[in-house]
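Colleague: Dropping a structure here in C-alpha cells format, bear with me for questions.
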Amino acid sequence: MAKPLTDGERRKQISVRGLAGLGDVAEVRKSFNRHLHFTLVKDRNVATRRDYYLALAHTVRDHLVGRWIRTQQRYYERDPKRIYYLSLEFYMGRTLQNTMVNLGLQNACDEAIYQLGLDLEELEEIEEDAGLGNGGLGRLAACFLDSMATLGLAAYGYGIRYEFGIFNQKIVNGWQVEEADDWLRYGNPWEKARPEYMLPVHFYGRVEHSPEGVRWLDTQVVLAMPYDTPVPGYKNDTVNTMRLWSAKAPNDFKLHDFNVGGYIEAVLDRNLAENISRVLYPNDNFFEGKELRLKQEYFVVAATLQDIIRRFKSSKFGCRDPVRTSFETFPDKVAIQLNDTHPALAIPELMRILVDVEKVDWGKAWEITKKTCAYTNHTVLPEALERWPVSMFEKLLPRHLDIIYAINQRHLDHVAALFPGDVDRLRRMSVIEEGDCKRINMAHLCVIGSHAVNGVARIHSEIVRQSVFKDFYELEPEKFQNKTNGITPRRWLLLCNPGLAETIVERIGEDFLTDLSQLKKLLPLVGDEALIRDVAQVKQENKVKFSAFLEKQYGVKVNPSSMFDVHVKRIHEYKRQLLNCLHVVTLYNRIKKDPTQAFVPRTVMIGGKAAPGYHMAKKIIKLVTSIGDIVNHDPIVGDRLKVIFLENYRVSLAEKVIPAADLSQQISTAGTEASGTGNMKFMLNGALTIGTMDGANVEMAEEAGAENLFIFGLRVEDVEALDRKGYNAHEYYNHLPELQQAVDQINSGFFSPREPDCFKDVVNMLLNHDRFKVFADYEAYVACQAQVDQLYRNPKEWTKKVIRNIACSGKFSSDRTITEYARDIWGAEPPALQTPPPSLPRD
C-alpha cells in the first residue's frame, strides 16, 4: 500500500487542474463503483490498480456515448460534406486524460477519485499509449482529428487497428533492443467493435474482360472488421469517429482447398490472412517495399472506400435517383485526404469501383476521383518515396495495375501534346519508372489523381514545387498549396502543462484554447514582473517533477537547476543527433581542459527510436549512451554536464519532458525536415529553440522574431551551393581543432574503451559520405550554443524570450491548419451551429 498522504498533499490534488467544468462528483463516484462491480466484476478486495483505471475509463466513456450518438444523428440529419482522413498511422497516445479535458470532467474525476482514496495521476499512468504511429506523421493525424472535432467538421479518421504498434524500446548495454508492443493485452475500453459493418477485401486473382465490362475474379478474400474510437471536440458536445480496420479470415478460408485431413491446417492458416493488421511497420522516412506492407495499404483503402460509398448511398441527400445512385454529387459530399502516399491506392480503387462496379464511364469517373482526392506530401528524402515493383502489383492487385497503366497513358498523352518531342519530360513524369525492375511511383500517382497537393511548411512546399514535383508544378501550378502543420493546444498545453495554462488563463482568459492566436495578448506583458516570475516558477516546478520521474524510472539523478537541453525525435541521420553529440563532447573537453572556469550546468537529454534495420541510427543511440557513461561518471565534470538517453520516447513521455525543457533542439540539415511539430510543442511550452532554417523553424522565427530563437547554420541555398562545389568533410576536420579532438576521441574508442573500434564506421561516414553535412554546421552550432549559455546566465532575459515565444506560437495550432484545409482543399465550412448536448432536445 502507498503511504498515507498528509492533509497538505491531499489538498494539492484539488488544485484547479485545467479549468472549471461540468460533472457531478457524487455521480462520478457512483458510476465508478457501478463499473468496478458490474463491468469488471470485481470488489475492492480483489481489484487491482488496473481495475480502478478501467472503472474510471468506463465512467468517462459513459459521458462520451450520448454525445457520440447525438453527433452522428446530427450528421445524418444535416448531411454536411464528410471529410475522410486516410492514414496508415494514428499516433494517439493515451485517451483517458484527453477525454476528461475535452469534456471538462477533470476536476470532478480528480475529486471523486480522491474521495475514494485513490490517486488520479497514478491511474492515468496505467493506460498504455496507443502507439499506432512512428513519429510526426502519425501524431499529426491525431492532432488533426482533435481539431476537426473541435471545429465541428463531419470528419472521420480511417486507418488500421494494428495488434502491435511501434515497438517498445529497451536500452541494453547501451544498445536499442526492440520489444513487441502488446498494447491490447488488457483490452481497450475506448474502442467499440462494429462487426455489423464488416467488409470484404480482395487480393490476387485475375482480370477478365468481356462486353459487359471488366471483372476481377478468383480472388482471395480477407474481411475488414471495424473498431470505432470516439474523438471528442473541446467542450462543444461534438464527438467524431476514428474507424480502424482489423483483418479477419472468412469462415471458409482455405477450406475449399480441402485435401483429406487438411481441416486443421486450413484453420491454422487463418493467421496468414489476419497478419495484415498484426504490426505497424517501424520505418520512419524509409521505404522498404515489403508485400505485407502493400497489402496493408490496399486493405485500409478498400475497406474505407466501401464504407464511404455505403454512407454516401444511404445519406439523406447524397443520391437523388431511387433506381441507381448518381455519383455526380460525390465530390460535393465527400473529401478524401491522403496522408502521404501510403493510401495512394484510393485513387485506382475509387476508379475501379466507379468504372467496374457502378458502370460510370472512364472520363466521368476520373473527374469524380480527382475532385474527391487530395494529397499531402510529407518528405523530400528520396529513400522515403514509395516505388512499388510492377511485378508485385501484377500478382497482388492485377486490376489496379491495369487501371494505373490506363491513368498513366492518358496522363502522358496529355503531357506529350503540351510538350511535343520532350521525351525526357515524359520519362520524368511517368507513374511507371522503367529499368531493370519496373516500378510504380506512388507520389506521381497521387499528384495526377488529386485536385490539390500540399506541403506541410512554407519552405517545404517551395521545395515540393521547385524540386520534388517541378514538372508537375509547371503543368498545373494551381494544384500546389502550402498548409503549415500545427499541434492541438488541448493535449500539448492544457493537458501536459496545466500550470502554464493556468498562468495564461489568469492573464487573458481561456478563449485562447480554441483560438490560439489570442496568445498575442501576452505580448504587452512580456516585461511584466509577476508574469516573468510565474512563468519561471512553473518551468522550475515542471523540471523538479521531471527530475523525480527520471530518478524513479531510470535511477538517474539530475540537477533540476541545470539547463534542460532536449533533443527528442526519431533517430535519423538527417535529424543530426550526431551534431548534438559532437557539441556534448566539445563541452566535456572544455570542462576537462579548464575545470575552474564558470560553466552553465546542462542536462542533455536525447531520445527517440531507431528503425530496427537502420544500422547507423542504432549506432547513434549507442554513441549517446557511451558518451553518457564517460561524462556522467567523471568526477571532474561533476554536476555540470549530464547526458541522458530517454528510453522508449513516445507520446506519454513527450507530455512529461516537453513542459520541463529549457532548450529545444531542431537541427536538421536545411531542406530535409518537411515541417516538424515537436518544435511547435516546445515553443508553446516555454522552451527556446536552437535550430537551422528548416521546416517550420523558418515560420517560428518569422512569428517570434529571429532574435528570439537561436538560429545557426547553412540555409537551403548554402546547402545547394555546397553540393555543387562538393562537400569535403576533411576540410572542416583539419581546420577546427575542437572538432578534430572530438572526432578522434570517438574514433579511437575513448568513449568505448571495451570496444575501441565501435564507432569507426560512424566516423568514416562523417568524414567520407555524410549526406547531411554535420561538420559544415559544427562551428556555427557550437558558437550558437555559447550564446544559449550566455542568455541562460540571465534568467530574467531568458524568461522574457520564453514569454515572447509563447505569445507568438498561435499560428501553430492545428485548428488553424485544419481551418485552411477545410477552406482551400475540402470546400467544407465548419458549422455555425453547435451540436446540442445529450441533455437537450435534438433541435
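Backbone N, Cα and C define each Cβ position, glycine as well.
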Colleague: Could you look at TYR156, TYR158, TYR162, TYR197 and say which one Swiss-Prot places alongside ASP43, ARG310 in the AMP site?
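Modeller: So the AMP site in Swiss-Prot includes ASP43, ARG310 plus, from the candidates TYR156, TYR158, TYR162, TYR197, TYR197.
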Colleague: Sort the recorded positions TYR76, CYS109, LYS569 by C-alpha distance from ARG310 (AMP binding site) and give me just the closest.
Modeller: TYR76
Colleague: Find the one among the recorded positions TYR76, CYS109, CYS143, LYS569 whose C-alpha lies closest to that of TYR197 (AMP binding site).
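Modeller: For TYR197 (AMP binding site), the closest Cα among TYR76, CYS109, CYS143, LYS569 is found at TYR76.
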Colleague: In the structure shown, which of the recorded positions TYR76, CYS143, LYS569 has the fewest Cβ neighbours within 10 Å?
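Modeller: So among TYR76, CYS143, LYS569, the recorded positions given, the one with the fewest Cβ atoms within 10 Å is TYR76.
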Colleague: Specify the secondary structure state of ASP43 (AMP binding site) as given by DSSP, simplified to three classes.
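Modeller: For ASP43 (AMP binding site) - judged by DSSP and reduced to three states - the answer is coil.
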Colleague: Sequence gap of 6 or more, C-beta under 8 Å: which same-chain residues meet both conditions with respect to ASP43 (AMP binding site)?
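Modeller: Those within reach of ASP43 (AMP binding site), by Cβ under 8 Å and sequence separation of 6 or more, are LEU36, HIS37.
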Colleague: The record lists ASP43, TYR197, ARG310 as binding AMP. What's the largest Cα to Cα distance among them, in Å, rounded to a whole number?
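Modeller: Binding-site diameter by Cα atoms for AMP: 44 Å.
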Colleague: What number of additional C-beta atoms lies within 10 angstroms of the C-beta atom of CYS109 (site 'Involved in the association of subunits')?
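Modeller: So the number of other Cβ atoms within 10 Å of CYS109 (site 'Involved in the association of subunits') is 28.
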Colleague: Give the number of CB atoms, excluding that of ARG310 (AMP binding site) itself, located within 10 Å of its CB.
Modeller: 12
